[in-house]
Amino acid sequence: MTDKTLYISAFAFAFIIIASNYLVGFRIFDAQVDLSQASNTLTYLAMDIYSHITYGAISYPISFLLMDILSEKFNRKDVLKALRIGLLLAFLPSIIIAPNPYIAVASVCAFFTSQFLDVIVFFKLKQKYPRLWWLRNGVNSGICQFVDTFIFFHVAFVLVLPYHDVFMMFLADLIIKLSLNLFNMPIFYLVAIKTYNKLNFFKR
């Protein structure tokens, strides 16, 4: 990985983290959902999840896509270095702009744990099943996003919100992230598997 690629990647990680830490404080459907209108338990649950979706759920999965693309093309040491630099760059701005200080701490804990796990498992799957790109990208990212989302919402909000809200925010964000992960898979295939040799950014 060239220095240019390293620092562009690190700044991209930092930007995604900072933006997501800010956006997680805002629900997409800000209007109060009247749960009394639910006709049955399933409808009630769907409406409850719907009312807790945040904008951070949309922006954050991009970091996993970027991490997997880098992992496909570069060695583990360089990818983890970009991850560490990105975290360092993002920490202070996250403290400043996040709706509460726990969010910055939660973000660092969740991001480092899940992305480190993502990289480690990605390389092991790539080594063992080199042709199964969808396994190391889609399935691996889905599992790591579960880990990330669980850690983040419990560290960030368990001391400041009722646990029902914490769990529903976790569940709502996870559903959105896993859904977006399906859309990220063809992008990963196109960029990391098919056309990366044509992109100067990925030159080693």
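Using the three backbone atoms N, Cα and C, a Cβ is placed for every residue, glycine included.
Taken from TrEMBL, the feature transmembrane segment covers 7-29 (among others).
The transmembrane segment feature in TrEMBL is assigned to 49-67 (among others).
The transmembrane segment annotation in TrEMBL covers 79-97 (among others).
Residues or ranges marked as transmembrane segment by TrEMBL: 103-123 (among others).
Distant neighbours of the transmembrane segment (143-163): 24, 60-61, 64, 100, 102-103, 105-107, 109-111, 113-115, 117-118, 121, 169-170, 173-174, 177-178, 181; these residues of the same chain sit at least 6 beyond its ends, with a Cβ under 8 Å from one of its Cβ atoms. Among the features that TrEMBL reports, transmembrane segment is placed at 143-163 (among others).
Tertiary proximity for the transmembrane segment (175-196) is limited to same-chain residues at least six positions away from its ends with a CB under 8 Å from its CB atoms, namely 49, 53, 57-58, 60-62, 64-65, 68-69, 72-73, 133-134, 137-138, 141-142, 145-146, 149, 202. The transmembrane segment feature in TrEMBL is assigned to 175-196 (among others).
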